[in-house]
Every structure is written in structure tokens, then in C-alpha cells.
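Everything below concerns the one structure shown next.
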Amino acid sequence: MSKTIAINAGSSSLKWQLYQMPEETVIAKGLIERIGLPESVSTVSFDGDKHVTVKNIHNHTEAVAILMNDLKNLNIIAHFSEITGTGHRVVAGGELFKASVLITNEVAKQIEDLSDLAPLHNPANVAGIYAFCALLPEATHVAVFDTAFHATMPAVAYRYPMPNDYYDKYAVRKYGAHGTSHMYVAQKAADYLGKAPEDLKLITAHIGNGVSLTAIDGGQSVDTSMGFTPLAGVMMGTRTGELDASIIPYIMAKTGITDVAEVIDIFNKKSGLAGVSEMSSDMRDIISARDAGDEKASLAFDMFVNRIQKFIGQYLAVLNGADALIFTAGIGENSDVVRQAVVDGLSWFGLDIDESKNVFGADGIISTPEAKVKVLVIPTDEELVIARDVEKFKAQA
Ligand code: ADP
């Protein structure tokens, strides 16, 4: 009997899931929000109930202490020592981390040093790591990187066409993100298709608030839409996705914004669906408003679908054809409307959805039997991948 906790620490939040391993049973899960803000909220879901506490939580160290005490007070664990492993999602692993690693002081420091690549995420990830290492000194602590799955990309995909010095001296290149999710759904897709991952060419579409698509050849990521940071690629809930860099100085000159970081912040947090619709970053709101005749929401929806279709087109070219397209994450898993709209424009490539299978709650193949490129819906499970990686390290300990 051993328990492992999977942790996803954001700048003001901490999501967690506690597993019984090796059974892979979820014992409890929860979310702490508004860390560092007044009235932080901790929610623990356990045994069919939701326990919500509101109090001021100043930092991640406090958040972890509160979470661990909640686990005890709710009798989910009797002693801290029952948790023998912690797995931490780390957004940026740079060129240093190409696979999950056992956390040492040096590793924690290296993750901190990579904060330039994910300024909002890596410092929070490290704060979570330090807090758990302090509270559970005997446990196995593992870092699982969002970028690791993309370490197999060839230079032709990850290099930017700019002077070599920027890569050689400063490691400016495509790193990608959502790697754990792309890897998980690709493996599941191989199961559904009854083939070995080595024999498949797949395009995985992680479409949530953040959106990224990946071209996977023989089980390996060969290209992905996010770039040096998650700002790149397709249009997202609040991010622009790719655009012409010349727009940045132009907007600064026209608007009087003097700090380039402010423009990047607008491109990260106030653009995408939210920027174009001027009403919401949430796809459910966009679809309702579009259906009610809102033109801005309608344009936002169409642009969102168009950008996804264009990346699928790119990856059909990169892979020279594909066996399957996989939809996952909040929108990809739940929105039959978005899936249909995306695939509708791609019939020439051999994609075709069976409308009776493209329903809410779909899990598995949703294409027609004749479709040359199969279409699947697969709920992602990044926490499970993290918990499994921790188990591998526990076994080596
Ligand atoms: P994150 O990237 O923050 O993890 P998620 O993967 O949870 O995001 O996805 C959030 C998105 O999923 C939101 O835009 C939300 O509107 C969308 N979503 C969730 N359920 C549905 C649904 N039934 N129909 C359309 N969109 C949905």
C-alpha cells in the first residue's frame, strides 16, 4: 500500500490528485485557488463530497501545509508518511530535462534557473517542490516536464530561422508544451486503433484554455505548435498564437505602451477568444453567444477553428499523411460542435466524423468506417502519467 500525490502548481493555484498505487485508484483530489490573495479557497473532493475552506493562504508553502493537514483532518490519511511519492508537473525543462527526474537540491535549482522560459509557472512549480520536500523528507519526489515529450523533435522543427547565435548562446528554440497530455492520448489512441505506437502517424489536438497540436511519428513528437513559450501556435482562450513580431513595436508606437512586457501580457492574457469576442475566453460562452447571433463571438469561433485546421494541414504535410487525429482537453473532449467544425473543412484529406458518435461524453473513435484518417476523442490524464512516473522512481529507490 503506498500513496502518491500528483501536483500541478500554478502561480496562484495548486491542483492535486492523491493516488493509491500501484492500483492507480484516485483516493481524493483538490484545488487551492487564490494563493497570495485574500480569501484563498481550498477544495477537497473525497468520497463523493466536496469540502471547501476559505482562509488567507499567503504562499505555496502554506498551501501545501494546509492541504496535508486537510488530508489528515478528513481522515484521508492517518500519517504524512503514508504518502511515499510526490510528482510535480514542471512547465519548462529547457534543453536540460528530456525525461522525468528524481528531485535533488541541484535539480530544484536548475528548474528555478529555467524560469525565463516559463516565468509564471516554473517559480510556482519549484515552490511546490520545496514545500513537499520539507514536509515529506522520506518520500520520492519526481519532476515531470511538459516539454520532455517534445525532446525528440528534430532540429528542422525546433530551430527558428534566425541568426545561429541566438540558439547557440541563448537556447532560443521551440520547446513546446502539454507534452504529458500529447504522449498519454497518443498511447491510448494506439490501444484504440489496435496498433503499436511505432506503426502510427498521429496528430494530437490538446484543445483547452491553452491549445497545442502535435505531430507524432512512430510514438515520437516530431513537431508541435507551441514554441519558445506557450504563446505560440494556434489561437487560444486568451492567447494570440502565432503572429508577425513586427506588430509588437507597431502597437507600442500607436498606443504609447512603453514596456514590451505589457504587450506580451496582453497577447497572453487578453487576446484569443477573449480578445476577439470581447465577452469570454470560455468556449461554452462563445458558442452560446454565437448561437444567439453575436457577430464578434461568431468571428472568434470561426478564427479558432480556422487556426486549428491550418495546423492540422501543416502536420499532415510534416507527417506525409496521418492515421488519426485525436481530440483532447476541455474543448476537445467536450465540444462536439468544435470537433465537427474542425473536421468539416478537412474532408479532402480523408477526415470524416460519424455524427452519431460525435456526442458529449464520446471516448474513442468517432470517425466513419470509411474515413482515411480516423478521428478519436480521448480524455487526457496528465496526473496519472505523473503518478506512474513517480512509481518508476520508487521502484528504483
Ligand atoms: P486548461 O487549459 O485551463 O486546463 P481545460 O482543458 O479545462 O483548460 O479547458 C477549458 C475549456 O474547455 C474552456 O474553454 C471551456 O469552455 C471548455 N469546455 C468545457 N466543457 C465544454 C463543453 N461542454 N463545450 C464546449 N467547451 C467546453
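Cβ atoms here come from the backbone N, Cα and C positions, even for glycine.
Since this is a predicted model, take the numbers as computed values, not measurements.
The active site, proton donor/acceptor annotation in TrEMBL covers Asp146. On its own chain, Asp146 (active site, proton donor/acceptor) has Arg89, Val90, Val91, Ala92, Gly93, Gly176, Ala177, His178, Gly179, Thr180 as residues at least 6 apart in sequence with a Cβ closer than 8 Å to its own Cβ.
Around the Cβ of Asn8 (Mg(2+) binding site), the same chain contributes Leu14, Lys15, Trp16, Arg89, Glu382, Glu383, each under 8 angstroms and 6 or more positions distant in sequence. Taken from TrEMBL, the feature Mg(2+) binding site covers Asn8, Glu382.
Counting only same-chain residues six or more apart in sequence, the Cβ atoms lying under 8 angstroms from the Cβ of Glu333 (ATP binding site) belong to Phe327, Val377, Ile378, Pro379, Thr380. The ATP binding site annotation in TrEMBL covers Lys15, His206, Ile207, Gly208, Asn209, Gly210, Asp282, Met283, Arg284, Gly330, Ile331, Gly332, Glu333, Asn334.
The annotation substrate binding site is assigned in TrEMBL to Arg89.
Every protein chain considered, the tally of other Cβ atoms within 10 Å of the Cβ of His178 (site 'Transition state stabilizer') stands at 29. The feature site 'Transition state stabilizer' is assigned by TrEMBL to His178 (among others).
The site 'Transition state stabilizer' annotation in TrEMBL covers Arg239 (among others). There are 26 other CB atoms within 10 A of the CB of Arg239 (site 'Transition state stabilizer'), with all protein chains counted.
Residues from the recorded positions list (Lys15, Arg89, Asp146, His178, Ile207, Arg239) with a C-beta closer than 6 Å to any atom of ligand 1: none.
It is 13 Å from the Cα atom of Ile207 (ATP binding site) to that of Arg239 (site 'Transition state stabilizer'). Within its own chain, Ile331 (ATP binding site) has Ile207, Gly208, Val211, Met283, Val338 as residues 6 or more apart in sequence whose C-beta sits under 8 angstroms from its own. Lys15 (ATP binding site) is surrounded by 18 other CB atoms, counting those within 10 A of its CB over all protein chains shown.
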